[in-house]
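Colleague: Dumping the structure here so I can ask a few things about it.
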Amino acid sequence: MAPVKAQDASTDQQTMLDAQLQLWHHTFGYIKSMALKAALDLRIPDAIHQHGGSATLPQIATKATLHPSKIPCLRRLMRVLTLTGVFQHSTTTDDDGGELVYELTPASRLLVGSVTTNVSPFLNMVLGTVFVSSFLDLGEWFQHELPDPSPFKLTHGRHVWDLAIHDASFAKLCDNGMVADSGFIMDVMVKECGDVFQGISGSLVDVAGGLGGATQAIAKAFPHIECSVLDLPNVVAVAPTDTDVKYIAGDMFESVPSANVVFLKWVLHDWGDAECVKILKNCKKAIPSEGGKVIIMDIVVGAGSSDQKNVETQVLFDLFIMTINGAERDEKEWKKIIFEAGFRSYKIMPVLGVRSIIEVYP
C-alpha cells in the first residue's frame, strides 16, 4: 500500500472541515431568522431611523428601552445583523479609537414606520411561533402516508384557516401580514406592471382578496375599473366601508361573480391541484370568452432571475407553504392546472422579484 502523502492528508482534513462548516452553516441558519425577529420585536430599524438613519448602540438601546447592562448583548445581535446585510455600520473617529455607528440598508428601510413599503407585519407572521413551530416535527410528518394532516394541523390541531377563525390574535397577525404584503407588492405592480390593468374596460373581482388591500391599490391607480372583492362572509363582515371597492360575501369553490377580469393574488399556492382547477373553472365561468382574462400573482419556481438567492427563496417558500398543504409550482405544473381548467393559453411575466404575473386567457 502506497504511503499517504502529507499534502493528501491535509487536503482530506480540509475537505472534512469544509463539510462540517457547510453543515454548521445550515444548522445555525435559523439564528439569522431569530436575530431578524428580535430586531423587529425591539423595533431597531425605527430606532435607527429616528436618529436620522444612523445610531450608536447606546442610542439604539435607549430607543428600544433596553437596560444598559444589555448593550454588550445588543452588540452581538447587531454583529449578526450587519454581517447578514440587514444593517451596515461605520466607525466614528475620536481619541478612544472610534465607536460603531449602525445605519439602515435597503433591506432594513423596508422595516421602518407605517409607510406602505413596510413589510414588518408579513415577516412577523412568518417568523411567529405558530408558523415556526410547524417545522419542528417535519421529519415525523414525512413518515405518514398522504393524505394526512398538514404539518401545521399536526402541530396545532387545526388547519390554518380554522385556527384563524378560532384565534383572534392569530387572525390579526395573518391579516396584518397580508395587508402589509399587498401594500408593498401592489405599489410595485401598479407602477411597473400597470399594462396588465390598462386594457381593462369594465370590472375586476379580486378572489379571496381579504380586506381588499390589493384591490384598493388597483382602484386608486385605475379609477376607470369597477373593483370588487370576493371573500368569505366573516371576512366581508369586517371589511372597510370607506372605499369605492365593493365587497361580496361568497365562496370561490362555489362560484365567482361575473367580471371582465379575475385577480388572484397569492391564492392558488394555498391549495392542491384539484382545488386549484375547481377555482380556475369558476373563474373561467365568470369572465367573457372574448376579452376576459385571469391575472394571477404567484411564484413560478425557476422563473425570473437565476441568481442563487432568488431560486433559493422560491424553493424555501415552497417548503414553507407545504406546511399548510399548499404548493409553489414551476411552469409545467402551472400549465397543467391552467389547461385542465379549460383555458386556452397563458403568459408568464417574472417581473416581481421571486413572484410572477401570469395572464390566463379563456
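Any Cβ shown, glycine's included, is placed from N, Cα and C.
Dumping what TrEMBL says about this protein:
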type	residues	note
ACT_SITE	His269	active site, proton acceptor
DOMAIN	24-113	domain 'O-methyltransferase dimerisation'
DOMAIN	135-344	domain 'O-methyltransferase C-terminal'
Colleague: Enter the number of other CB atoms within 10 angstroms of the CB of His269 (active site, proton acceptor).
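Modeller: There are 19 of them.
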Colleague: DSSP helix, strand and coil counts for the domain 'O-methyltransferase dimerisation' (24-113)?
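Modeller: The composition, in the requested order, is 52 helix, 12 strand, 26 coil.
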